[in-house]
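Undergrad: I am attaching a structure below and will ask some questions about it afterwards.
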């Protein structure tokens with residue numbers, strides 16, 4: 001199926017030509033409408049996960065819907081198709097490159113299991129990148145097909161507000177289109193932040209907008225930042241054999257449980273990723289060899305230092321894509337500190353018929369599944385007589401570092417701040433995955449903790465899991481926590497043996513007890 005889609009993108013075969021012609025006609029039709037104004041029940045600005053989910057749901061409910069989407073090329077010139085950050089430069093390519101790194105580890109373990117594999121194995125960036133990029137392009141195509149099938153009008157235009165009901169869009173050829181709608185949803189997402197105070201940052205650095213679309217290996221790489229994007233990228237780059245360094249100004253994974261975050265970076269350090277902690281870059285210079293000389297300040301020593309790299313990747317956070325929307329012309333309020341759009345529980349902005357969902361909205365998790373669900377629920381409230389609001393509490397997530405970190409609910413710090421140390425009980429354990437034993441893999445950072453209320457029935461406030469397949473493990477327990485599970489109910493649950501997830505239902509040692517939290521056997 002993927003191969004067929006990719007083939008269609010490169011040059012459609014006969015069986016795909018009717019669908020291709022239909023899509024092309026739709027685009028030409030949108031462009032030719034520049035002279036007149038087109039009206040819709042719903043206009044969605046932004047073709048990412050949340051916006052597409054909202055548009056498709058509204059169309060399913062029989063409404064006339066349009067999507068306006070435009071990708072501003074990165075400073076490096078990277079651009080991509082329909083689908084937003086997740087599909088093109090986020091979750092999907094990131095997880096696939098993470099998988100490439102995991103496969104490298106499995107190949108190195110293979111001889112322990114009887115496979116005669118010549119060592120050392122070599123990784124080919126070009127092969128991986130082409131496969132990942134082709135899959136992404138197939139998803140771009142799939143989104144176009146879905147919009148066509150649901151009769152959603154797609155406009156490849158850069159949209160900005162004229163007034164609270166009207167948007168002006170300009171295509172890549174400079175042709176303008178006017179669109180109006182009874183309801184407008186802003187779902188433009190965000191883009192990586194550049195440290196503009198660092199000389200050479202824009203000219204010589206790249207971001208997550210670029211790394212997945214590189215045709216050649218990035219080589220020796222400096223990743224600047226301590227976000228999950230920084231650690232995930234550094235993790236898979238190290239995993240495929242590249243010399244990788246992470247430069248962090250302060251703590252890793254701000255907003256996550258800090259004990260778990262420290263274990264994540266400890267594991268990465270012990271498996272080859274180098275860390276420059278408490279350091280801030282000051283400037284980048286391109287050398288005659290085409291390498292990049294980076295100068296930074298070490299805050300601990302107060303001294304300057306330099307290093308040479310092939311690639312510098314900025315991963316210092318993201319900014320909402322609101323700069324060119326002309327929000328003020330529609331009277332839409334934003335947070336002046338971060339430029340995110342202020343919304344209420346209904347996802348409504350300061351203008352009642354204009355809404356914002358996903359990463360562009362203030363106070364919302366920057367996660368694809370929340371944007372998708374919020375978009376669907378919004379369409380159902382607008383057009384399907386529903387009153388169900390999006391519940392943003394206890395949203396699970398996973399950081400796809402080499403040793404994955406999955407979590408749901410409160411961190412230990414948040415629980416203590418909210419309820420007080422004396423009212424919080426934390427159950428925890430180190431464990432060794434069965435798969436690690438034969439290959440004698442290091443499992444010193446495989447760790448689980450469950451944050452609970454101390455008083456009966458000991459409501460589970462949060463679960464934190466560090467180990468293989470953390471996303472798969474956390475997803476199931478997220479349902480229990482969402483439903484108000486207690487510690488006793490988790491302990492009454494029978495585990496599936498032998499799995500890592502069964503260690504969660506065996507947690508019996510509390511931090512308060514002071515006992516050693518180490519699992520001593522696989523069947524105990």
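Positions of Cβ are set from backbone N, Cα and C atoms, glycine also.
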Undergrad: Pick from 137, 175, 277, 506: which does Swiss-Prot describe as N6-succinyllysine?
TA: 175
Undergrad: Scan 79, 286 for the residue that Swiss-Prot records as N6-succinyllysine.
TA: 79
Undergrad: For the candidates 151, 215, 329, 385, I need the one that Swiss-Prot annotates as N6-succinyllysine.
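TA: Annotated as N6-succinyllysine in Swiss-Prot: 329.
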Undergrad: C-alpha of residue 41 (FAD binding site) to C-alpha of residue 329 (N6-succinyllysine): distance in Å?
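TA: That separation, Cα to Cα, works out to 20 Å.
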Undergrad: Do any residues at least six apart in sequence from residue 61 (FAD binding site), in the same chain, have a Cβ closer than 8 Å to its Cβ, and if so which, in order?
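TA: Residue 61 (FAD binding site) has long-range Cβ partners 379, 380, 383, 384.
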Undergrad: Looking at the recorded positions 79, 497, which one has the fewest other Cβ atoms within 10 Å of its own Cβ?
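TA: Counting other Cβ atoms within 10 Å of each of the recorded positions 79, 497, the minimum falls on 497.
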Undergrad: Give me the CA-CA distance between residue 86 (disulfide bond) and residue 329 (N6-succinyllysine), in Å, as a whole number.
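TA: Spelling it out, the Cα of residue 86 (disulfide bond) and the Cα of residue 329 (N6-succinyllysine) are 29 Å apart.
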Undergrad: By a simple count, how many Cβ atoms lie within 10 Å of the Cβ of residue 49 (FAD binding site), its own Cβ left out?
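TA: For residue 49 (FAD binding site), the count of other Cβ atoms within 10 Å is 29.
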Undergrad: Here are the recorded positions: 45, 53, 65, 91. Which has the lowest count of other Cβ atoms within 10 Å?
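TA: The recorded positions 45, 53, 65, 91 were compared, and 91 has the fewest Cβ atoms within 10 Å.
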